[in-house]
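Structure record follows, encoded as structure tokens.
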Amino acid sequence: MANIQVAFLLSLLMALTFCCLTFAVDPASLQDFCVADSNNQVKLNGFACKNPTWVQANDFSFSGLHNPGNTGNPFGSAITPVTVAQIPALNTLGISLVRIDYAPWGVVVPHYHPRATEIITVVEGSLEVGFVTSNPDNRLISKTLRKGDVFVFPIGLVHFQRNVGHMNAVTISGLNSQNPGVITIGNAVFGSKPDISNDILAKAFQVDKNIVNQIQGKF
């Protein structure tokens with residue numbers, strides 16, 4: 001009897017392990033592609049599929065990534081995304097691309113991607129990059145990259161880039177989401193609509209409310 005109980009428990013444990021492993025990954029695609037139909041009003045986690053017979057080569061392509069972005073802004077950087085919004089065929093494929101241009105000392109301000117890990121490679125110039133680990137350590141992991149160097153920003157962690165050279169810089173990033181999203185820390189905290197109460201922000205940052213009001217005014 002004891003042996004039967006042990007065998008049952010082992011079988012149950014194996015079944016639970018298999019179940020957990022089964023649901024730990026995304027399901028395999030059931031079709032060749034699912035080109036996004038942006039006109040479809042059906043709400044999905046992604047986009048409804050266009051009729052395959054209507055699909056054209058243009059649904060799978062994007063032109064213009066060779067063109068420099070306009071860095072004439074206060075941050076000195078320009079982002080050219082290639083997500084499902086630019087290539088409908090990225091729908092359900094779990095990847096996207098970004099070109100970033102940097103003026104000398106231009107920055108991509110601290111931000112994070114809620115749905116993607118980012119791998120970045122320097123095409124031209126030199127770049128300081130870094131990310132901050134989660135609480136309670138909040139450790140800064142940073143490095144200066146040169147042309148051809150590659151760096152990874154783990155999903156959900158705050159990170160930044162800065163051109164540390166006297167020439168323009170260019171990077172290309174790959175992200176493992178068709179729509180990785182971006183949350184810029186300054187905009188989220190000080191530029192929310194409606195504003196987060198200045199009482200809360202003053203206590204969070206241990207500063208006077210007037211300072212919070214001044215920062216919120218810039219957003």
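Glycine too: its Cβ is placed from the backbone N, Cα and C atoms.
Record source TrEMBL places Cys34 in a disulfide bond whose other cysteine, from Cys19, Cys49, is Cys49.
Cβ neighbour counts within 10 Å, taken over all protein chains shown, single out Cys34 as the most crowded of the disulfide-bonded residues Cys34, Cys49. Under 8 Å, Cβ to Cβ, and six or more positions away along its own chain, His111 (Mn(2+) binding site) finds Val158, His159, Phe160, Val182, Ile183, Thr184, Ile185. Its own atom aside, the Cβ of His159 (Mn(2+) binding site) has 21 Cβ atoms within 10 angstroms in the protein chains shown. A Cα-Cα distance of 26 Å separates Cys49 (disulfide bond) from Glu118 (Mn(2+) binding site). Within the same chain, residues at least 6 positions away in sequence whose Cβ sits under 8 Å from that of His113 (Mn(2+) binding site) are Phe153, Ile155, Gly156, Leu175, Ser177, Pro180, Gly181, Val182, Ile183.
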